[in-house]
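**Q** Annotated transmembrane segment per TrEMBL: A:12-33, A:112-132, A:138-155, A:167-184, A:196-226, A:233-253, A:265-283, A:295-321, A:357-376, A:383-401, A:478-503, in sequence order. If you look up TrEMBL, you'll see A:14-414 marked as domain 'Oligosaccharyl transferase STT3 N-terminal'. Sequence annotations record features per position, and here TrEMBL assigns region 'Disordered' to A:438-471. The compositional bias 'Basic and acidic residues' annotation in TrEMBL covers A:438-450. Under the heading domain 'STT3/PglB/AglB core', TrEMBL lists A:552-601.
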Amino acid sequence: MKVLGLDAQNQASLLKVVILGLIAFVAISSRLFSIIRFESVIHEFDPWFNYRATRRLVQTNFYEFWNWFDERSWYPLGRVVGGTVYPGLMVTSATIHNILHALNFPVDIRNICVLLAPLFSAFTAIAAFLLTSEIKDSSAGLLAAAFIGVAPGYISRSVAGSYDNEGIAIFLLMFTFYLWIKSLKEGSAFFGGLTALFYFYMVAAWGGYVFIINLIPLHAFALILMGRFSTRLYVAYSSFYALGTLMSMQIPFVGFQPTRTSEHMAALGIFGLLQIIAFVELVRSHLASNQFQILFKGFIFIAFIAMFSALVILTFSGYIAPWTGRFYSLWDTGYAKKYIPIIASVSEHQPTAWPSFFFDLEMLIFLFPAGIYLCFKELRDEHVFVILYGITASYFAGVMVRLMLTLTPIVCVSSSITISSLLDNYLDFSVVDPETTEQKSVTDSKSKPQDKHKKPGDSSRSAATSSKSEKKKKKDQFFGIIGNDSRGIVLLNFFFFLVIFIWHCTWVTSNAYSSPSIVLASRQADGSQYIIDDFREAYYWLRKNTDDSAKIMSWWDYGYQIAGMADRTVLVDNNTWNNTHIATVGKAMSSEEEVAYEIMRRHDVTHVLVIFGGLLGYSGDDINKFLWMIRIAEGVYPDDVKETNFFTPRGEYRVDDEATPTMRRSLMYKMSYHNYNELFGGQGQDRVRGAKLPADKIKLSTLEEAYTTENWIVRIYKVKDLDNIGRNLEQAAAFEAGKKSRRPKRKQSQK
Amino acid sequence: MEVRKFFFIFLSSFILLLSLCYAAKPSLESKVALLNQASSQNLGVVELDSNLYDEFVAKPRNYSMAILLTALDPQINCIPCKEFDPEFRLVARSWLEAGNEPSRLYFGVLDFKNGREVYAKLGLNNAPTLFYFSPTTGPYAKDVSEPNKYEFNRHGFSAEEFASYLSGILGTQVPVKRPLNYFSIFITTILILGALASIKLMYPMMESIIRSKNTWATISLVVILMMISGHMWNHIRGPPYVYYQNSQVSYIAHGFSNQFGIESQIVAVVYGICSFSVIALIHLVPKVEDKNKQRFGTYLWMGILFTTFSLLFALFRIKNPGYPFKLFI
């Protein structure tokens, strides 16, 4: 039957292309909620740095960018950006920008940055299609593409405006894995080289490349243990590892890490092991005798042990760096909390409670284990890969919320295998009802479904060939679905499940993952939307009302935003490379005014910026983050800052009348609540912590309020200069207060 | 007469007071001698009561002292106290045996039953509490009025952590020498040898298990199910298994990013049932030859899947009350 002059195969290809196009369209458009609701802005924190760097790359050239020393962050240290950044993201969008401009499309770089992640999500869908097609077939591939297109676990990191490394990295992850499977299946050095090339792109784009460089060796190792060493594996892995490592070392941020750190040692070890095994296999094939087999196995085993012990010795003698804190904390889960509070303080580094899994993956979460089971049923080389990926990624996702991102692709692939196997069985109308066609010969009806179902074949075929157990043959025989009502009920239910899945994904995307977080939205009493734009208001004020050389002190969360939007120098930012510097800021925030003033003078701070949510009930404010500031400061200055002093004797963290004296004297407390009581004409009400403030007035002598935004979310203070006649600022402020109020009694007490 | 009597009382009470003051302030040398004697007799630990506590803590001090306020009385049932006590004594003993100048650091223990007054005076209502008193005179004197409190939450309960805390304050290495437990080493060796031997003996049997696909499938699926139902959260945060309040047991914690131990197990079982019914629909049902039996199987497994999935939705709505979707229930 010909449609549009195409035969059946071409029709299928055309359909696939059309379906993939539609999936790409859905993937992009479901990520546009934030643009439609708000506007085309860069979101959150890290994207602001990426955006700023991209702008710089577009304005200058690549070599300028490579050598960029950013003197406007980490004042007075500065930051070598070229050597401490994964440039893949910036280079990608700058390339797109240049191509479009060469074609006379004058698109603003900001819009490219905003829309980059949705664009790459479409590519991810295609990569998932290719990968799953290699593992099962193209119908499973289409399902996988559809799942990953809308799965909230991936959308959470790739909505329009979320211009972050992960946006392109998940595509690269999937595509590298696809190429790896392809090269392994075909034993092709060409595909191995392509794998290495995309691995290089991944290294340039995201620190998560470590997952690839450990998972592929793990896969190779598992195959060796299963006795599945083959020349295909040898060619694929050797070409991938040699080229990939050489290329990855071209990224300055990575440099010599592939030879010097433990994260990369597994890959190197497996590379060596493969060479030895290949050599042994070669020798054996020429000897044509099995006598040496034990000897060879022993040789491989000893070589493995020797390599492992060499690694241990080199690690202890310091030639190879042990696992870095961020990766180490994935294994020893208590490690970060104790030794690196700055890692533990980030909310996306917290472990994952079960609702998050369901929230991000809905029904895929229980189709995923079923898919893993189906992979075990077949267990070809690529299925081993899916299984290993599934186990490792689910562990990582359990330890860190953020790594839900790496779990989502494999969940989509695995559950598409499940759904596709189900549909294969229940949509196979060639199965004949044995009751109605009883006149047909028994052998005919038996062989027919067997031909149809080659996939569960492995076991059934072997059972069929070995005719010694008739019972087992009977048990493994595959009849297909006979009754049409059974088909109907299952198909209808799963159709319904899929519809709910889409609803769920849309709901989650729209409600949870589409907020730019620099612009907040709330509903007014009449239901209309109320936009809270305090952050940009404050940053714009800084840009327009402070000197270009002004130094802004704030907690590190806001560093990138201040640099990006206000274009002013900051002390610390989200790069968090220098813990001591962050602790110094933490100390300034948590100490008394006099101590803080000295720190601020030493760092030339002109303005201090705090986030205060008490008026509006915005819970992500600095008072709630304050404990982490204290903890980080205490880690470096244990004599000056003590966490216990901020807790009441009953161990509570309070801001009201029962707040500890240290708390009430701290700079952060004073800056947050300064003049707050006056707004209420009595005692202020903190809506985040549900507390009534102490009635006494908060006096600031070393700072003066410079600006407070409409909803009080951002408060900016100016650091006072030294007093003209050499008094300390407290005395000066007291004197000023006395003069202003013109109370004779006060004047006397001044004397 | 009256006046004289009054004067006498006044005088005598004054003398009494004076002598008391004098008695309450023994000389530094006698204090150190007492501490040295007590600690060397008792493996480096000075057992205190309320009076001794006040005496040793009183200024001036030319020695450092770490004092553990604990409550080992079985009635109080203070589990962390019991956990920390041997570790504290281990550090004290290691310090004594290391042969440091003893007055650099003494280790004192004050149990609640001997020191109610101290607990009351300091307003302490939890144990164990550990104070470090730095010297006020002598070469190591520090100008600190408040004792340093050891943060159990931050540093932890192990001897090594406590010792590294002390090393940090003192500026010299505080060692920890765990005595070799020969018995446990012996037992471990025996067990390892036994295990190796049994592996060797049972290898033919084990081999079929190790090489079996089903073993690995089971292990993988159990691991995955545990991970995706929030086991790592339990492992890291250590929530209660169930929560008792007013003689009512609650199994489900409130809040989206919070859970009880049993909750994650319930969820793992729910996921497991859902997964298994899907597998049954794919693999078991098509293998049934009889039409009606197959029909029954299809309806059964579909029903189980549908019900369990509805249950999952219901569970999720408890965690996230704003969630708009539901199935069946």
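Glycine too: its Cβ is placed from the backbone N, Cα and C atoms.
Could you place the listed features in the three-dimensional structure?
**A** Residues 4, 6, 117-119, 121-122, 124-126, 129, 138, 142, 145-146, 148-150, 155, 158-160, 505-506, 509-510, 514 of the same chain sit 6 or more residues outside the transmembrane segment (A:12-33) yet have a Cβ under 8 Å from a Cβ within it.
Here the transmembrane segment (A:138-155) has Cβ contacts under 8 Å with residues 16, 19-20, 23-24, 26-27, 30-31, 121-122, 124-126, 128-132, 170, 174, 359-362, 364, 404-405, 407-409, 411-413, 415-417, 419-421, 423-424, 502, 504-506, 508-509, 512-513 of the same chain, all six or more residues outside its ends.
Listed as Cβ neighbours of the transmembrane segment (A:196-226) (distance under 8 Å, sequence separation of 6 or more from its ends, same chain) are residues 86-89, 91-92, 165-166, 168-169, 172-173, 175-177, 179-180, 233, 237, 239-244, 247-248, 250-251, 254, 258, 263-264, 266-267, 269-271, 273-274, 277, 327, 381, 384-385, 388-389, 392, 396, 406.
Proximity of distant same-chain residues to the transmembrane segment (A:233-253), defined by a Cβ-Cβ separation under 8 Å and at least 6 residues beyond the stretch ends, is recorded for 66, 82-87, 180, 183-184, 187-189, 191-193, 195-197, 199-200, 203-204, 209, 213, 216-217, 220, 223-224, 264, 267-268, 270-271, 274-275, 277-278, 381.
For the transmembrane segment (A:383-401), the residues of the chain that approach it from at least six positions outside its boundaries are 135, 177, 180-181, 211, 215, 218-219, 222-223, 226, 330, 333, 347-352, 356-357, 368, 371-372, 375-376, 407, 410-411, 413-414, 417, judged by C-beta separation under 8 angstroms.
For the domain 'STT3/PglB/AglB core' (A:552-601), the number of residues in each DSSP class (helix H, G, I; strand E, B; coil) is 32 helix, 4 strand, 14 coil.
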**Q** Relative to the transmembrane segment (A:112-132), which of A:167-184, A:265-283, A:295-321 accounts for the most Cβ pairs at distances under 8 Å?
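**A** It is A:167-184 that shares the most Cβ pairs under 8 Å with the transmembrane segment (A:112-132).
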